[in-house]
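Peer 1: Questions regarding the structure given below will be posed in turn.
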Amino acid sequence: MFFHAILVLIQVALALGASPRAGSSERSKYFVTSLPGMYSNLPKEEIPIMFSGQLELFPENNTHYYFWKFVNPNPIAEAERRTIFWLNGGPGCSSMDGALMEAGPFRVNDDKEIVYNNGSWHKAGDIVFVDQPAGTGFSYSDEYEHELPDVSVHFLKFLEKYFEVFPEDRQNQIFFAGESYAGQYIPYIADGILKRNKNLKAGESPYDLRGLLIGNGWIAPNEQSLSYVQYALQAGFVSPSMPGWSRLLASQERCQNVVNSVNTQDDSVSDYKVVSDVCDQVLNTLLEVARDRDAPADQQCVNMYDYTLRDEFPSCGMNWPPDLVNVKPFLNIPGVQSQLNLVHKKPWLECSGRVGRNFVAQRSKPAVHLLPSLLEDVPILLFNGNRDIICNYIGTEAFIKELEWNGQKGWDDDNVFDWNFDGNLAGYVRNSRNLTFVNVFNSSHMVPFDLPDTSRSLMDLVTGNFDIKDDKILTYKLGTRGQAKQSDKKPASTSSIPSEISATALASGSSSASAQASATANEADGDNNTSHKIERAIQLLVIIVLLWGIYALYSSYKSRPSSIIKSGPTGKKKNVQWADQLRRFQEDDQVRVQPHGIFAKALNKFKGNSDGAYAPVQGRYEDIEMSSASPIDDFVVVSDDEEEEPSRNEPSSNQK
């Protein structure tokens, strides 16, 4: 065990010594060297280099964003010089869902220890999970964000601070990935980056933004709400013969009237904000109509995040995914919070009710309005798990059909291409003019939760790391593309594929800003390398001496005679308490503790009230990343520092 730990420390030391620029000493306080189960459950070669902590953004209002960065110590060539920023949704749901249940290298077992996720995205590039807006997860502030433009401004500030700590990442290709309400966050952040790149201040260099990946995104909420009835009929869990069918159609018609009155291409802010309460009600009505009152109590409602699963009514998916019952207590272990370098320790809640209630998005236009301008410069990949109801693939394809970008409306043609991953059919792909859509088969609202290895290959579709054969798009397990027989494969090229399905089309960063970013960053990097050789050598020498000293001390300790009378442990027992583990959407006011050709169905949606949060069904359903918002009266403040956590079936204002 000791030598295992030393090996990890050496890997971290080499990572530091590789580029001792200005940020190196600063970032040392963010190292993560141990977590429960790390040395006993993970192969030593799979232990990532990790950095974690709370970065100060605005001292005037005490705003700090929490991040957890994972680096592959042995990266393959195709994954080098990449940084992926991952965001979960809500608003107000922690990206630790993504880190510990989806795209990160760890899962949490029943013993509250980490185990390895073989499909981790950190093998496709360094990945950084960020809790935002302020107040989400381990992030904190004295003030809350209210609008989507705030998200953009504050995240650009986070990037500024992040690159001060990790200057070697500044030249990397940047990708954003996330799901659910991140379908609003990511376009706004990308828009802010592109505007920054075009208006650089003295001494600034552009960020090399290369692609956006949005899974089960809540991008055009009202238009997507119109897909529920069609999806449910196709999936077979409702029919016109059901009681309440006419009520469902009436709800659908009211939403259609809203959509007809709002031009999604209109650049002005809609009276309906990001989502209309009228359209928000369609899903609530659908789940009520689909309820099977003759089934056992825990099987009466279809799971809104995976229609093949059942749940109790009115939860309808709030008790999913099952991993959450381990993730929450794990992140609330005091020792784990210390190992993650939390200066301001706080109870971890999956979703913050206070953030959701404050994030009203009342003056924000839906992110779908930003896609046309973004697609002029940046490739965007939208992917949907085909079993998701709340943000289903039918709704995504419907708003794309009505979208006008790069001089044309909708897709160039009707061609659909099968996507094969590792020799098996994984879904289908459509692509035109920098926009790619992927329907991922056999997956839910959280695609990486169900199919981690397959989901990681979505990065290959964005970066052009694929082949074409018989009008099929072929991707492979990490690093194995070169092993495939090339004689019977056609390389991805514009001329070989209709509908612009090609490596060039999918991976192109057509923006001159991206090219400029690469050139500028590389030039700056070249100037730094020579001047730091001596510093690197000295730093590595010091690290080696320190490690040798630790080894010598350990050897001396092991070799000395031991007494037959051994003292027992004297450490204090730490008592940790947390609320009902199945509660999906809890109030984060508890946070202010001590300073602390084939069809399927898919995608998750966030529900919202007049305050801008997406509410659960009947005002009582909590969405994983889009729960419904309850009236403020539902949240009773017990004290200035702690807000009462609602019981499992009470309404909540957050989603994941």
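Numbers run from 1 along the shown chain.
Glycine residues also receive a Cβ, built from the backbone N, Cα and C atoms like all the rest.
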Peer 1: Here are some residues: Asn118, Asn529. Which is flagged as N-linked glycosylation site in Swiss-Prot?
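Peer 2: Among Asn118, Asn529, the residue Swiss-Prot annotates as N-linked glycosylation site is Asn118.
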Peer 1: Whole-number Å distance between the CA of Ser180 (active site) and the CA of His445 (active site)?
Peer 2: 8
Peer 1: Please report how many Å separate the Cα atom of His445 (active site) from that of Asp388 (active site), as a whole number.
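Peer 2: Taking the Cα atoms only, His445 (active site) lies 5 Å from Asp388 (active site).
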Peer 1: Name the secondary structure element type, per DSSP in three states, that contains Ser180 (active site).
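Peer 2: Ser180 (active site) sits in coil per DSSP, no helix or strand.
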Peer 1: Please classify the secondary structure at Asp388 (active site) using three-state DSSP.
Peer 2: coil
Peer 1: Have a look around Asp388 (active site) and count the other CB atoms within 10 A of its CB, chains all included.
Peer 2: 33
